[in-house]
Each structure stands twice: as structure tokens, then as C-alpha cells.
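As recorded in TrEMBL:
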DOMAIN    97-386  domain 'Sugar phosphate transporter'
TRANSMEM  99-116  transmembrane segment
TRANSMEM  128-148  transmembrane segment
TRANSMEM  240-259  transmembrane segment
TRANSMEM  271-290  transmembrane segment
TRANSMEM  310-328  transmembrane segment
TRANSMEM  349-367  transmembrane segment
TRANSMEM  373-394  transmembrane segment
Amino acid sequence: MAFSANQYSYTTFSQHITKTRFLPSKPLTNFTPSINKKNTILSHNKPLYISSLSKFSYVSKPDDSSSSIQCNAYEASRSQSIPINIEFDQENAAQKLKIGAYFATWWALNVVFNIYNKKVLNAFPFPWLTSTLSLAAGSLIMLVSWATRIVEAPETDSEFWKTLFPVAVAHTIGHVAATVSMSKVAVSFTHIIKSGEPAFSVLVSRFVLGETFPLPVYLSLLPIIGGCALSAATELNFNLIGFMGAMLSNLAFVFRNIFSKKGMKGKSVGGMNYYACLSMLSLLILTPFAFAVEGPQLWAVGWQKAVSQIGPNFIWWVVAQSVFYHLYNQVSYMSLNEISPLTFSIGNTMKRISVIVASIIIFQTPLQPITALGAAIAISGTFLYSQVLIYFYFLMNFS
């Protein structure tokens, strides 16, 4: 049945839509347009369903039938199919598949790196050299990629390297501190403490940068801090150096992100090439400190002992942890080019869960129930923090 709402103005109709927000399949129980009762058998006791709308425009004159709104409807007691066109967005689906592949690869590479890194550090407890080898492997991979044109080399200038320097300093400190931590404590414990990075991010932004956050953001930090504290207090193999290394790593990576955000705005280098440049500059910064803190004599003795105990597999462990360190970081920076920082933070949280679970299983790490509870609280708090940030991000940008 078709009817013409000649006396129903555009303004009134649009207000009605705003108030009711009806969909094509929702009963219109409150919508009563002007209808010629002599020519209709419409029952006022039954709701109407809108099946189509046409000529939806402003009615300049009440008696102008050509500008009226044509609305097709049927009564609730009748069944009438409504054609629905569902178009499959192949481009969007491909993008989601690509991001999913990035995340899966990122998590897998990170798990493999942490396993081999811990194996190396158990047999060869020299975190400064281990950290240096990780950066050297990544730098070599990218130099070869640029030389062979597998990857297009970035165009950089002195200003680029100047702004990258503080980022590289913070990255170097964070990388070494995390490696020192894992040389002293279990991989799972290091990552439980590192899940507290959001707390450092908020506190540094508040007291160093003067930024303020809504109250729910601060409240979301409580389970993170509480969970980390509970895990630290009940860790069976607690080590102060390992704990402080993880905490220092959190702080350093927060400053790395801040420097990167402030200094790299408008720069054309990003993703894979950005991380490659970061690795090379960090390698130049770290190498003299590694020689000063540990030195070739200690490395030689430790290397000979590790090879005699483990065999040739030890060399493969060193190569694997070095290569996989670069690969997982490279993929993470590539994924950051495709997604928002908020989505990236959620992915980072899920990455920690996969590393913690995998390391506990592979290394058979003894874990008290109360420690596991603390880890679950801290990681859940990290996820809650991400969700709160997402909520306020959309509230500020789309409200």
C-alpha cells in the first residue's frame, strides 16, 4: 500500500526520525501521517512497517504533491520480504587479513626470540654483548637489503639523525635493561613487570610533560600496579637486578615513544626503514659501553664454556635470538604503519600473554597460584587501560 504524506513537512519528519531512529524493519507505532481514510483499509490498531522511501525532499508548499514524500508500507499482519543488498568489501577484508597476519607473525617471532634469548643468557650470561649482537644482526640484514635493492633505502639528512638520536638512546637503554632483567629472572616475570609500561606512560606524561587524563584512566592503572606488585612479592626466584632492569626498560621505552612522537612528525622515513635506522644508531651507542662493562676477555671465557657445555647448537641459539629480535621488531613497526597506536597497544598486551604462557610451558617455570593471579590482574589491567583510552579517544574525536 502506498500513501502520500502531503501535509507532513520535511522538518517535522526529520525530527521524528531523529527521535525514533527507526530502521526499515521496525514497527512505526507512533508515526501517524495524513491519510485519506475513504480510500484506505488501513487499520489504526496495527503497526506499520516501512518497506521503501522515495522523493525524500523538502516540501516547500503544503499542496505541492510533486514534492511529497512517497512511503511504501505494509501492516504487521502481512508478510512481505524486503530486499537487502549486502556488498562484500574485498579491499577492507584484505586489509583486515593483512593486519591479522602482521599480528600473528609479530607474536610468533616475539615468542621465538624470547625463548632463544633466554637459552643464550642461561648458558652465556653476558647481556650487554647479547644486546649488541641483536642490534648488529638487524643492521646487517637491512644494509644487505638496501644494497641488493630488496628494500628501497630511505632518504635521510643530518636533521633526521639528529632527531633520531634521543630515540636511539632511550631504545638502547630499554633494550639492554630488558636483556639484563631476563639474564637474572624468568622470562615470564620480566614480561609481567613489563606489562606495567602503561603506568609509566601515564605518570611520565602527567608529571614530565604536564598532560592530564580523565579519572578513569588513572583508576585503570590500579590493577596494573597492584598485579605487578603482587607478582613481584610472591615470585619464587625474585632478583632485585632483574626486577629493576624490567622497570628501567619500561621507563626507557616510554621516553623512546615520547621522543619518537615529538621528533619524527613530518618525517618521510617510517616502518621498516625507520626501525633499521634506529637499530644502526643504537648499535653505535651501545658498542663502546658493551666493551667497557663486560669486555672481550670475559666474552672469550664465557663463549668457550658455553660451547663446551651446549655444543654447536649454542652458536645457532645466538644467531637465532639475534635475527628474531630484529624480525619481530621490524614486523611490529610495519604493523604500526597499518593500524592506530591504540590497536597496537592492545596487540602488545596480547603479545605479552603469549610470551608469558609459552615461556612457562617451555622452561617449566615454577609459578605459585598467587603469582599467577598477580600476573592475570596486571595483564587484565593493561587491557582495561587500552579500552579506557580507546573510549576517550573516540569520545573526544567523534562526539
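Here the Cβ of each residue, glycine as well, is placed from N, Cα and C on the backbone.
Quick caveat, the model's predicted, so the values are computed rather than measured.
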Checklist outcome for this item: Near the transmembrane segment (373-394) in space but 6 or more residues beyond its ends, with Cβ under 8 Å, are 188, 192, 195-198, 213-214, 216-217, 220-234, 342, 345-346, 349, 352-353, 356
Item to check | Close approaches to the transmembrane segment (310-328) from elsewhere in its chain (Cβ under 8 angstroms; 6 or more beyond its ends) | outcome: 106, 109-110, 112-113, 116-117, 119-120, 123-124, 130, 133-138, 141, 279
Checklist outcome for this item: For the transmembrane segment (240-259), the distant same-chain contacts (Cβ-Cβ under 8 Å, at least six residues beyond its ends) come to 166-167, 170-171, 173-175, 177-185, 189-190, 193-194, 196-197, 200-201, 204-205, 209, 232
Checklist outcome for this item: Averaged over the domain 'Sugar phosphate transporter' (97-386), the pLDDT of the predicted model comes to 89
